[in-house]
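Just below is one structure, and these are the notes that go with it.
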Amino acid sequence: MAVTEINEKTAAVDSPRSKSPTSTDEDSAAGHLVQETPKLTWKSYIWDTLDKSPEERKFMFKLDAVILTMASLGYFIKNLDQININNAFVSGMKEDMKLFGNELNYMQTCWTVGYVLGEIPSNLLLTRVRPSIWIPACEMTWAVLTILMIKCTNTTQLYFSGYLMAAVYNLDGVHGWKGWQWLFIVDTVISLPIALAGFFLLPDVPEITKAWYLSKDDIALAQKRMQLEGRATRQPFTKAKVKKIFTSWHLWTLTPLYIFFNNGCGLLGQPGFQLWLKGAGYSVKDVNTYPTITSAIVVITTLIYAWSSDTVFKGARWPPIVFSGVVQIVIYSSLAAWNIPIAWKWACFLLAGFGGGISGLTFAWAHEICKDDNEERALVTGSMNQMAYVFQAWLPLLIWQQVEAPRYPKGYPTMVAFSVGLIATCFVIRYLHRRELGKKALNIAA
């Protein structure tokens, strides 16, 4: 949820490429600060603000420093707390709580149900409530629920309530807490300060921002950039608007795209690698450490995909998405066969990170496609997340059953099918978007 909204704000301040016909004289105060038709040079391939005016570069630096930092930290604590249930499971929780059936699947499903129920209401609230209030409040609640997990003594309580685990496991027995319980304590210690910082640092959207580090000129510049990009401001929901949203191809293609991505990266959410290592006799430290290489690959490929999309592919989002889908087909086809050389099996588990780096691109693409309607952006991106996790609420119970780990005879073939669906949907969206842009160009020319 937090990352979705921050992506929207980041997209809202992307560099303008052309002047909007709606520009008026009242924009003149900010107009001289922003290059309406910037000349792009080779420097923009290294860092896109290098071709902008000094005032705009200073403004963009402030936004980059705050939004990227808070987005990264917010996603870090969300992902850390979410994924560490797997680390805790292979680090003693399974034996301590006698979780020898499919209890891990049920825990993950309960988390998913909560995510699904809150996704769209949360995104719609963000069009009415300041993000600097709502997002940190959600993160604070998340941190509190994380610390409560140390008091769980049975699976029913758990349903409601990497490197770090390798280090924290050394605290096993300190003050009477198990190593996996210390994991949740440390998670909370990390999460709370980040959540608190959000109340003071998140800037909100340009039309309502009161960020202490933005001057009046900065705010005027941000609003001017929104106008030049043709980004719609917040408007009331009407029957006509709702009908337009639900009859547009945007909702019905972007949502499946994210479903295929989110559910097609199975090894990033399931402990297949860890359980394979544990079954092979590796130590607790190794079981928690080696899979962090996959996480590192996700980070690296995310940066490469984003950079190549903006530079080499000149703003096109689909090439990296298609590439990641092809890599996943190779990886999961190999794991579906299972009886493959050990070295190649290691490579498949590690290179599964290639599929996780396109999340930002899918949302960037959605924001660009829906840029003419702020409420549509909120609903479409919320639907993308929500429906992806609707699938996660039931699909893992069928294909990622704990009793079938780490072979997962149904899981890996399903990932191949989802990767094929990702590629196909990507090309459909590309075709429809190009057709839509062509129609808009004809209307403007007329």
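Glycine is treated like the rest: Cβ placed from N, Cα and C.
Residues or ranges marked as region 'Disordered' by TrEMBL: 1-31.
Marked as transmembrane segment by TrEMBL: 140-160 (among others).
For 180-202 (among others), the entry in TrEMBL reads transmembrane segment.
Per TrEMBL, transmembrane segment is recorded for 249-269 (among others). Non-local neighbours of the transmembrane segment (249-269) in the same chain are 83, 108, 294, 298, 321, 325, 328, 332, 349, 352-353, 355-356, 358-359, 362, 365-366, 369-370, 376, 379-380, 383-385, 387-389, 391-392, 395-396, 399-400, 408, 411-412, 414-415, 418-419, 421-422, 425-426, 428-429, 432; each lies 6+ residues outside the stretch with a CB under 8 Å from one of its CB atoms.
Taken from TrEMBL, the feature transmembrane segment covers 289-308 (among others). If you look at the transmembrane segment (289-308), the same-chain residues 6 or more away from its ends with a CB under 8 A from one of its CBs are 162-163, 166, 267-268, 273-274, 277, 282, 319-320, 324, 349-354, 356-361.
If you look up TrEMBL, you'll see 320-338 (among others) marked as transmembrane segment. Counting residues 6+ beyond its ends, the transmembrane segment (320-338) has Cβ neighbours under 8 Å at 261, 264-266, 301, 304-305, 308-309, 313, 344-345, 348-349, 351-352, 354-355, 357-358, 361-362, 407-409, 412-413, 415-416, 419-420, 422-423, 426-427 in the same chain.
Residues or ranges marked as transmembrane segment in TrEMBL: 344-366 (among others).
Tertiary neighbourhood of the transmembrane segment (378-400): same-chain residues 1, 4, 7-8, 102, 105-106, 108-109, 112-113, 115-116, 119-120, 122-124, 126-127, 245, 250-251, 254-255, 257-259, 261-263, 266, 269-270, 272, 362-363, 366-367, 370, 408, 410-411, 414, selected by CB-CB distance under 8 Å and a gap of 6+ residues from either end. Marked as transmembrane segment by TrEMBL: 378-400 (among others).
Sequence-distant contacts of the transmembrane segment (412-432), counting only residues of its own chain at least 6 positions beyond either end whose CB sits under 8 Å from a CB of the stretch, comprise 249, 253-254, 256-257, 260-261, 263-266, 318, 321-322, 324-326, 328-329, 332-333, 335-336, 338, 355, 365, 369, 395, 399. The transmembrane segment feature in TrEMBL is assigned to 412-432 (among others).
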